[in-house]
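Feature list (source: TrEMBL):
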type: ACT_SITE; residues: ASP177; note: active site, proton acceptor
type: BINDING; residues: GLU38, HIS39, THR40, ASP41, TYR229; note: substrate binding site
type: BINDING; residues: SER72, GLY127, ALA128, GLY129, LEU130, SER131, SER132, SER133; note: ATP binding site
type: DOMAIN; residues: 287-366; note: domain 'GHMP kinase C-terminal'
type: SITE; residues: ARG32; note: site 'Transition state stabilizer'
Amino acid sequence: MTDRLDVAVRAAAGFRTVYATPPAGRWAAPGRVNLIGEHTDYNDGFVLPFALPLRTVVAAAPHPAGRWTVWSELTGETVDFGPDEVAAPGRITGWAAYVAGVVWALREAGHPVPGARLAVASDVPLGAGLSSSAALEAAVLAALVDLGGLDLPAEQRPRLAQRAENRYVGAPTGIMDQSAAIRCRAGHALFLDCRTEQVTHIPFDLDADGLAVLVIDSRAPHRHADGEYADRRASCEQAAALLGVTALRDVPADGLDDALARLVDEEARRRVRHVVTENQRVLDSVALLRAGRSRQIGGLLTASHASMRDDFAITVPEVDTAVEAALAAGALGARMTGGGFGGCVLALVEAAQADQVAAAVTAAYADRAFTPPTHTTVTPAPGATRLD
Ligand code: GAF
């Protein structure tokens, strides 16, 4: 990545090349890692993500013909659409559906969306579980809101971007990724109550604590990730209905045994146990961070991974190998982050040990003849913003 121009420069250069005119502005939104709280968002629960320094940048200007034209650096394609294509979901597919979905959701909510020319460049890797789709939605949304002078406060934007993804793109995701891309703050993790959408910015100053977060791309292909995600979500909703609660959020940690006793299906019991214990791990992590005991969240991260592996069944051998090797090399805690079935692992490490932990993961991969992993260390970055 070091030999590439800055992503904001690339977006503006792409805009000038494609449209032969400069953009009116540039808007950026980040990818995210989730520190803890996996598959809890669509159960009305708690999550604790932070924004990555890896960003998607949209250069944009009003469209003279009131349409939407978008160019992507990644594919080199330009996709053009008008009001007909965004009258209902399904007309635009592929990567441009995330853009059309945002236009559709804004219009459906009654906003007078301005036509726009857009150019997209990104440093958020696709398919790595770092939420490249929400970064694209958030950056496009910020651009359209500003270009049109629309009245849409930041706290209402995640729900709208999620609607684009759920209804226009057709992916049944929760509210975490869009919230992270839009509402995160530099130097902080975002404690989000996914039922009320209340956010609390929790200071997470890794440098001051002598810590590092290592993000390791497992390089595991996402095997049936979409279908499995929808399946897990459906299992949770069915279990909530059987238990007579609105969402699994309503099963308290100290009521877990009673709830499990009321479920006959062993698989349903495991899914419920993951969600209920994971919500508690988020709350416990927040309490530790607030108390300045950041090292101690390590055990909770590792317990989260075990729960995803054993109860929610969303890990794959590559991510389990990365977690085990990181822990054996001295990581304070490690877990898969994101929807699962591949993607990234995060490890909380003493800053001085980051290299040795990364080397141990690489060696463990070589032993098993897995595709070599890649890794980077990250600190919490800001959410979506206008650059100029
Ligand atoms: C994906 C989804 F998009 C999120 O909403 C969330 O459910 C996550 O998987 C799992 O925690 O990133």
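For all residues, glycine too, the Cβ spot is worked out from N, Cα and C.
Overlay of TrEMBL feature records on the structure.
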residue	record	DSSP class
ARG32	site 'Transition state stabilizer'	strand
GLU38	substrate binding site	coil
SER72	ATP binding site	strand
GLY127	ATP binding site	coil
SER132	ATP binding site	helix
TYR229	substrate binding site	helix
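Counting residues per DSSP class in helix, strand and coil order gives 49 helix, 12 strand, 19 coil for the domain 'GHMP kinase C-terminal' (287-366). Using Cα positions, the member of the binding-site residues SER72, ALA128, GLY129 nearest to HIS39 (substrate binding site) is identified as GLY129. Not one of the recorded positions ARG32, SER72, ALA128, LEU130, SER132, SER133 has a CB under 6 Å from ligand 1. Binding-site extent for substrate: residues GLU38, HIS39, THR40, ASP41, TYR229, maximum pairwise Cα distance 13 Å (rounded to the nearest whole number). The recorded positions recorded for this entry are ARG32, GLU38, THR40, ASP41, TYR229, and the Cα of ARG32 lies nearest to that of ALA128 (ATP binding site). In this structure, ASP177 (active site, proton acceptor) is part of a helix by DSSP. Considering only the residues assigned to ATP binding, SER72, GLY127, ALA128, GLY129, LEU130, SER131, SER132, SER133, the longest pairwise Cα distance works out to 20 Å. Neighbour density at the Cβ, taken as the number of other Cβ atoms within 10 Å, is lowest among the binding-site residues GLY127, GLY129 for GLY127. Comparing Cβ neighbour counts within 10 Å across the binding-site residues THR40, SER72, SER131, the minimum falls on SER72. When Cβ neighbours within 10 Å are tallied across all protein chains shown, the highest count among the recorded positions GLU38, ASP41, ASP177 belongs to ASP177. Note: the CA-CA distance between GLU38 (substrate binding site) and SER131 (ATP binding site) rounds to 13 Å.
Counting every protein chain shown, the number of other Cβ atoms lying within 10 Å of the Cβ of ARG32 (site 'Transition state stabilizer') is 33.
Listed in sequence order, the binding-site residues from ASP41, SER72, LEU130, SER131, SER132 having a Cα within 10 Å of the Cα of ARG32 (site 'Transition state stabilizer') are LEU130, SER131, SER132. What surrounds the substrate site, by Cβ distance within 8 Å of the Cβ centroid and not counting GLU38, HIS39, THR40, ASP41, TYR229, is the set GLY37, TYR42, ASN43, VAL47, GLY174, MET176, ARG232, VAL275, GLU278, GLY339 from the same chain. Taking the domain 'GHMP kinase C-terminal' (287-366) as a whole, pLDDT averages 98 in the prediction.
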